[in-house]
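Chemist: Pulled these from TrEMBL:
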- 112-133: transmembrane segment (TRANSMEM)
- 145-165: transmembrane segment (TRANSMEM)
- 186-207: transmembrane segment (TRANSMEM)
- 242-265: transmembrane segment (TRANSMEM)
- 294-311: transmembrane segment (TRANSMEM)
- 331-351: transmembrane segment (TRANSMEM)
- 358-377: transmembrane segment (TRANSMEM)
- 383-404: transmembrane segment (TRANSMEM)
- 425-448: transmembrane segment (TRANSMEM)
- 468-489: transmembrane segment (TRANSMEM)
Amino acid sequence: MVKGECAEQYSASSLLRKKTRSQDGIKIAKRRDDSGRLSVCSKLCYAIGGAPYQITGSALGFFLQIYLLDVAQLDPFYASIILFVGRAWDAVTDPTVGFLVSRSRWTRCGRMMPWILISTPFAVLTYFLIWYVPPVEQWKVLWYLIFYCLFQSLQTCFHVPYSALTMFISMDQKERDSATAYRMTVEVLGTVVGTAIQGQIVGGAIAPCLPGDLDVLDNSNTTLLGSDVNISHISLDETKRAYLIASAVICVMYVLCAAVLFLGVREQEECGRLKTEPMSFFEGMRMVMGYGPYVKLVMGFLFTSLAFMLLEGNFALFISYTMGFRNDFQNILLVIMLSGTLSIPFWQWFLTRFGKKTAVYIGITWAVPFMILIVCIESSLIVAYVVSVAAGVSVAAAFLLPWSMLPDVVDDFKVKNPDSSGHEAIFYSFYVFFTKFASGISLGISTLSLDFAGFVTRGCSQPDAVNLTLKVLVSAAPVVLIFLGLLIFKTYPIDEERRQGNRKLLQEMRDSNQDSDTELGSVV
């Protein structure tokens, strides 16, 4: 009788444990499903967080070179030193910040968010000081070098954690791709905003040019002949003031976007993540640089990004001097960015329908015929606008695709190395490192090339050698770099089939880890 009662009690207890375990499993599965989905509001808040990087980046990319040459009145050689050292320093800080982020402790507001929150006020201060012309002539070069490097470092403390945040807003690959599309749309819109604010405010106070030997003057030496540039009524002080106003507006937008990101996005700690000892900096570097798919992806985008950076950094000078549309360049730049913004939804649909590699081939090469066209025909404002619209479509693809494909590489690495964790920030930071280093090289080479060609600071016109150099920098060189990048992409191994397979394997790994946690909880 006692044995029967014990057996019944054991059977009831076993049944209760199984029922509890089943309920726990359902709850965990439900929680996992809920955590995988992102609301439209969350996606928008996440996307808005990417705007500061693009707003400031477009303003610096399109206008800093012409600002240093025509407003700060630096020698082209010193301007090239500032641009190259600043971007090179920025590139070096990326893997360093990525390593520090990967070793950061999890806090109540996450692991990435504290970096974003703390860096923001210092970043906006240094950005504002970049656009201030110090009164002491001999300190100008040092002034711009220090504050440009400081801003790039602080911007890195914002952008690297923000980029890695992609892996922590959702564990679902489709949701991450969708959030990335939202992000790219807002980021391209950010370049529109940055170009519009900087261009329209500064465009109303274009730096006055100084007639030189290339310009024909009348006897009073006050009227510029042989040129349609009419800027005699604008003083250099007014131009300086316009740059400061534009930078102040951008600083306010930077803070607002960072606040929306912090308040509207919840960073998730990945369930089922294995707890491992943090890796050293050199271990992380060896891990990243030794992973074939990542290296091929980065090298391919390195060349294509360098092509668009050359175009971006020199297009304002090309429009102003070679094409002769000094009073219209800010509007032409704005058209490029608007076209890019409107094209993002199309490219998101295209890559989901035809695959990401196909989108790379078509999207990046779309700009090539128009890059050739703009230097082969006579100066025409209508043609300049048509080329700008077409170039914007390709710029959109160049914006969207790297950030859409990086999570695929990180997922592929997780499948191949299931015992490794906490490496997301390192992958993202090294990608940003290479692209920023390429940007520094492009800006430095561009400005040095213009110096060797005989660029005339604040000149109303430029020698033929300068015009030829600008044509090479916005057409021939980018076209060659684009084709080199596409050749590398031919060897990139992660196609749609492999990407979907990785997605299923990762889901199975998470299910297995969660089941193990459930079993362990039931035993305890």
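Cβ from N, Cα, C; glycine included.
Owing to the predicted nature of the structure, the values given are computational and were not obtained by experimental measurement.
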Chemist: Among the recorded stretches 145-165, 186-207, 331-351, 468-489, which has the greatest number of Cβ pairs closer than 8 Å to the transmembrane segment (425-448)?
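Modeler: Highest pair count goes to 145-165.
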Chemist: Which range wins on Cβ pairs under 8 Å with the transmembrane segment (331-351): 112-133, 145-165, 186-207, 294-311, 468-489?
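Modeler: Stretch with maximum Cβ contacts: 186-207.
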Chemist: Is it the case that the transmembrane segment (294-311) and the transmembrane segment (383-404) touch, counting contact as three or more CB pairs under 8 Å in which the residues of each pair are 6 or more positions apart?
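Modeler: Yes, the stretches contact each other.
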Chemist: How about the transmembrane segment (145-165) and the transmembrane segment (186-207): do they have 3 or more C-beta pairs under 8 A, pairs 6 or more apart in sequence?
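Modeler: Between the transmembrane segment (145-165) and the transmembrane segment (186-207), contact is absent.
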Chemist: Determine which residues of the chain contact the transmembrane segment (242-265) at the Cβ level, with the cut-off under 8 Å and only residues 6 or more beyond its ends counted.
Modeler: 41-42, 44-46, 48-49, 51-52, 55-56, 59, 67, 71, 109, 113, 116-117, 120-121, 123-125, 127-128, 130-132, 158, 162, 165, 169, 193-194, 197-198, 201-202, 204-205
